[in-house]
Amino acid sequence: MSHTASSCQELVENCAVHVAGMAQEDSRRGQVPSSFYHGANQELDLSTKVYKRESGSPYSVLVDTKMSKPHLHETEEQPYFRETRAVSDVHAVKEDRENSDDTEEEEEEVSYKREQIIVEVNLNNQTLNVSKGEKGVSSQSKETPVLKTSSEEEEEESEEEATDDSNDYGENEKQKKKEKIVEKVSVTQRRTRRAASVAAATTSPTPRTTRGRRKSVEPPKRKKRATKEPKAPVQKAKCEEKETLTCEKCPRVFNTRWYLEKHMNVTHRRMQICDKCGKKFVLESELSLHQQTDCEKNIQCVSCNKSFKKLWSLHEHIKIVHGYAEKKFSCEICEKKFYTMAHVRKHMVAHTKDMPFTCETCGKSFKRSMSLKVHSLQHSGEKPFRCENCDERFQYKYQLRSHMSIHIGHKQFMCQWCGKDFNMKQYFDEHMKTHTGEKPFICEICGKSFTSRPNMKRHRRTHTGEKPYPCDVCGQRFRFSNMLKAHKEKCFRVTSPVNVPPAVQIPLTTSPATPVPSVVNTATTPTPPINMNPVSTLPPRPIPHPFSHLHIHPHPHHPHHLPIPPVPHLPPPPALFKSEPLNHRGQSEDNFLRHLAEKNSSAQHH
């Protein structure tokens, strides 16, 4: 110990001489203090300190290099210690100071512990631990002195005692100390990095916007995602619950209960529901009208007693049929006018050549599905239209309409000018044009005008020579349907068996002894004149067939003409409807057939 004390005194004297020379050179600094021994607690910022422990009580030897530095705050007072070495080490230090390289290394070792400090701070900016650090790790560590904890001081004391007891292991101890220091430095580096990242996050200046509001460092999206992620299953469950909110009175589904309640208040509580059929109405008047009709098709027109199922159908009927509406919509092809656009679309099918609806029984094609449906009634024999007054059934609707005129007393459509009534609106419209003189349909070939389109088409066949009506018996074709009908009657009488009743036989003057066939007798013997007036030749009912008076006797101008045998007395064909004894021309059927007979007879004379 005496050797170490003497070496320390010599070292102190050398340092004091050096310091005194520096003080004399610097004229701006104050006087050098007389004594260099001070207490352990100093308020000055000391650059170098050398401590030595004697008899367990440390004392300090002060070497002043900064005499005029201001005093520091009391909170920054920290004791600094230096490790003691063996006598041999002290002499080595003296020799090394003569060399500049050794002195620089020594100064770095001395300033190593003085300039480095690591402060561990948590997220709340609270100090957790203070430890050593590397040189130049952070700007704060350069300015603050090194703080040592009590545990580190105890370790150093134990190390100094160990070095005093054994000088042989001095070099080994240095290496171990260096290794420990390296380990501590590595640990402190990690801690400083963590503390620096936390401090940067907490103490970094927040950016400002143009309005001076601070922006948060962490983006708000991350916070929202972090909060939404755990709530995702909960939200899905809520959505599933919302989707199950169904209305009890209708199959509608709602997302929230608010929408369901609103739907109940608006739709079901305010709607008027029929007790019989459950149909809903917005107005009470509509419900009362519906109940008066007993939920059936009984909404009748006051003018024509036509029944409808819906109220808007009745309004449309009143506008169209009874003259309250105008035909504002016209066809682009034929310029035909209609009351509604729906009627125009339905009419456009007539201009197309496609017939997609085909009858499975006979193969006939139609343009409209309704036409096929009506046609199929011919094969099935079904009569879906029933009269409510007499329970008579009909195959077509227009037949029922014609039949209803018997119960009503007049037909549905009546002319206000002449009082003539019609069962179908088509015939009524054609009749009204006779009063107005309107003939909108003009023949493209000759320019003749007609009141209806069917009449114009019928007239056009005279120019084109078209004969669309073939006979099923002989295959002959005709231009008009009435001509085909007359031809069928003629063919039927030619092919029928000859069974002439005695009431219809015409007496012929022949010799009783020699009976001769009527074919020969008609050519040689004179016959009484026959009145060709068809009215006088027809006996009372049962009326013979209208064509029975034709070709009974040949004319004298045609001697080679063979007479046709008489035809049996057949009843006339029944009328199409009981309530419609008139044909399409408005004449009696018998008169019409007689007119045809006269026409044919006159043609034969010529």
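A Cβ is built for glycine as well, from the same backbone N, Cα and C atoms used for every other residue.
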Record feature phosphoserine (Swiss-Prot), assigned residue among Ser57, Ser511:
Ser57
In Swiss-Prot, one of 357-379, 518-540 is tagged zinc finger. Which stretch would that be?
357-379
Site from Ser204, Ser496 that Swiss-Prot describes as phosphoserine, others unannotated there:
Ser204
Based on what Swiss-Prot says, identify which of Ser197, Ser307 is the phosphoserine one.
Ser197
Validating a neighbour-count step here. Other CB atoms within 10 A of the CB of Ser197 (phosphoserine): how many?
10
Beyond the flanks of the zinc finger (441-463) by 6 or more, those residues with Cβ under 8 Å of it:
426, 429-430, 433-434, 479-480
Under the DSSP assignment, what numbers of helix, strand and coil residues are found in the zinc finger (441-463)?
11 helix, 4 strand, 8 coil
Per DSSP, what is the helix/strand/coil residue tally across the zinc finger (329-351)?
11 helix, 4 strand, 8 coil
What else in the chain is close to the zinc finger (413-435), if you only count residues 6 or more beyond its ends and a Cβ gap under 8 Å?
304, 321, 398, 401-402, 405, 451-452, 580
